[in-house]
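Working notes for the structure below.
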Amino acid sequence: MDTSLRKTDVSQNIVKLLHGREKKANVGRLVQRHSQFTDSLVKRLGLEYELEGHQGCVNCIEWSADGRRLASGSDDTRVIIWDPFSHRLLKTLPTPHIGNIFSVKFLGNDGSLVATGAGDCRVIVQSVEQAILRQAPHLDCGCHVGRVKRLATAPDQPLLFWSAGEDGLVIQYDMREPHECLVKSKLLIDLSYTSELKCIAVNPVRPHLIAIGANDCFVRLYDRRMVKTSDYRPNHTFDPRKRTPPEPQDPRCVQYYAPGHLAKDFGGDMSYKLAATYVTFNSSGSDMLVNMGGEQIYLFDVNNPRYVNELQVPDSLSRKKCPVNNKICSCSMRDNGMTATISSSCRKLVNYNRRISAQPCACDYIGRARTLFQRKWTGDIYSAARDYLYVIQQWPDNKEAYIGLVQCLIALNWTEEAYQWLEYFRKCHPDFAENIQVKGLHSDLIALKDRKEDNDERINEKAFSDEEKQLRLESRDYEMRFLGHCNTTTDIKEANFLGEDGKFICAGSDDGVIFIWDRKSTNVVNALWGDVSIVNCVQPHPSACFIATSGIDSVVKLWSPVGEGVENKRIVVDPWTAVEANQHRMAMDPFETMLANMGYRLSPGEGQDIPTCRTS
C-alpha cells in the first residue's frame, strides 16, 4: 500500500478514506486508486443494464478519457455514443465503412473526433457532427490491404494515433498533417513478410513504447524513437512474390516477449493456432497484459523482465562450486501433489497460489509444481519447471527440486537443458548419482534424444531471417499467467486490468463467461455469465467500479456492484467446471473446436437464434 495512505490511516473503511481525503490533498487520487475495485466490490459485480441500439455483433467499446461517454462499434458499420450512467443512447454515427468495425477510439483534447478501423481495410476519422450530417470525414484512409484490427492512441498526444492491420503494417496518423493515401502515409512498422497484426497498445507512461501482437506467440515492444517512419509503398499486397522488402530497422528498437514454452520453438505444434488478440498496459506502464489466442493470459514485467532461456544452466553457475544451502524451509510438506480429479487439482492450486503470494515457501512451490505436472493443461509443465527452478535458486540443497525440474524438461522435450541440469545435479550430489530415480531420468533422456534426431532442423527450416530468429530466441518471459477462459473462436478477445492499481485482471471467454482474477495470486475470484455465446470485449471504467462488455449479442452490457444481500443470478456457481471445460476446448484441434462451438450454440433451451454475424 502507498506510504501516504498508510500514514493517513485511511485504508480501513470508507469513513476513514473520506476523512483522509479531507485532511490531505494528495490522498484523493490514492483513495480512488484503492477503492475503485476492491475485493468486496468485485465479488458483488452484477448486470446493471443492457444498452440496445446496434443491429449486429458489437466488436469494440471504448470509454472517453473522463468516463462520461462510451463508444461502441459494430458489424452494422455504425458507432453509437452512449451516456452509460443514464443508460441513454446519445448519438448514432453512420460511417463510410462497408465492413465490420473492429476498433473505435476518441481523438482530440475534448474527444470530439471518433476514429474507426474496420474489415474493409479502412481507417476513418470523423466528428460527431460530420457523421450525423454524412459529410466527408476528416480522414478516410485505404492504405491497408488487410483488415484493420486495432487502433491505438497516446495519452499525451491526442491527435496522434496508430493502426494495426492483418497486412502486417502499423501506420502512424497525425491529424495535424494532411493525409494522402499512397503518397503521404507514414509507415511505422512493416511485418508483412512474417505476420498478420491483431492488436496494438501504447505505454501510458512511456508513450514512445508501442506493443503489437500478431498471429504468433510473440508480442513486439518497439521504441518508436528508434524507428524511422517511411513512406507507404503502393505495391503492398498479400502476395509475397509482389512485395517490396521492408526497410531494415535497428534491431535494438524492438524487444520480443513470449511465454517461454512457446518462444523456445516459435510455438511448435501449436504455432498454427496462436495469436495475441489483445495487449494493454497497466496505469504505471510497468506491466503488459496479453491475451494469447489458443493459450492463456500472460502478464509481462516490462521494467524487470525474465528471460526465456532462464531454464538453461547458467555458465557462471556451472563453473562455480555447487551452492551451499543457506536457506531453510522449516515447514513440512503439506501435500504430496497426488490428486484424484482435475477439479481437486484446481482447488489445491488455489491454496498454493494464495500461500505463495502471502509468504513464499519451498514446500508450497514444490507442491504446486507437482500438481501442475500432473494436471498437464496448456503451459502447466513449463510453469512447474519454473517453480522447481525457483526452489533451486532459493533453497539450492533441495534435491527434489532438481529431479522435478529434469522431469519437466524431459516432458517439454528440451533435451539439452534436461541433460545439463541432470549432470549439474550429479556433480553437486555425487552420493545421489546412483539413485534409481536419477538413473531412470538418464534412461529417459537417452530415449528422448533418439526420438528427436529427425526433428533437429525443424526450427531452422522456418522462413525467418537470422535476425528474426535471434530476436525470438532472446524473448522476455512472462511474470504471471491467468487460466480459466477460452480464446479460440475469435481474434478480438480482450483482457484488461481492473482499477488504476491493476489489482484484478478481467477477460471474456468463448463460453460466454467473464472471468476476474486476483493479480497477485492469479486465482479466479469471480465469474459471471456475460453472453449467450461469446464475450469478446471487457472494458473497465477509468475511475469507477463499472465495466462495459460486449460480444456476439448486439447489446452492450454494463456491470456494477449489486447491493449486499441481493441475489446475483449472473454468478457462475461452479467456476471450476467452466475452467476445466475451457481448457479441454483449447486443447482441441480447430475442426473439433468448430464442432464444439456449433454444438454449444445449437444446444436446446438457450432461447435465442444462432448469430449470423462474423465473430472476428
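Cβ coordinates are placed from backbone N, Cα and C, and glycine is handled just like the others.
The repeat 'WD' feature in TrEMBL is assigned to 51-92 (among others). Model confidence over the repeat 'WD' (51-92) stands at 97, taken as the mean pLDDT rounded to a whole number.
The annotation compositional bias 'Basic and acidic residues' is assigned in TrEMBL to 232-245.
Here TrEMBL flags 232-251 as region 'Disordered'.
What TrEMBL lists as repeat 'WD' is 500-527 (among others). DSSP assignment over the repeat 'WD' (500-527) gives 0 helix, 14 strand, 14 coil.
Same-chain residues lying 6+ beyond the ends of the repeat 'WD' (528-560) with a Cβ under 8 Å from its Cβ atoms: 32, 36-38, 41-42, 45-52, 54-63, 65-67, 70, 72, 74, 76, 82, 84, 87, 489-490, 492-500, 506-514, 516, 570-572, 600-601, 606, 608, 611, 613, 615. Feature annotation from TrEMBL assigns repeat 'WD' to 528-560 (among others).
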Tally of residues which DSSP labels helix, strand or coil - the repeat 'WD' (51-92): 0 helix, 24 strand, 18 coil
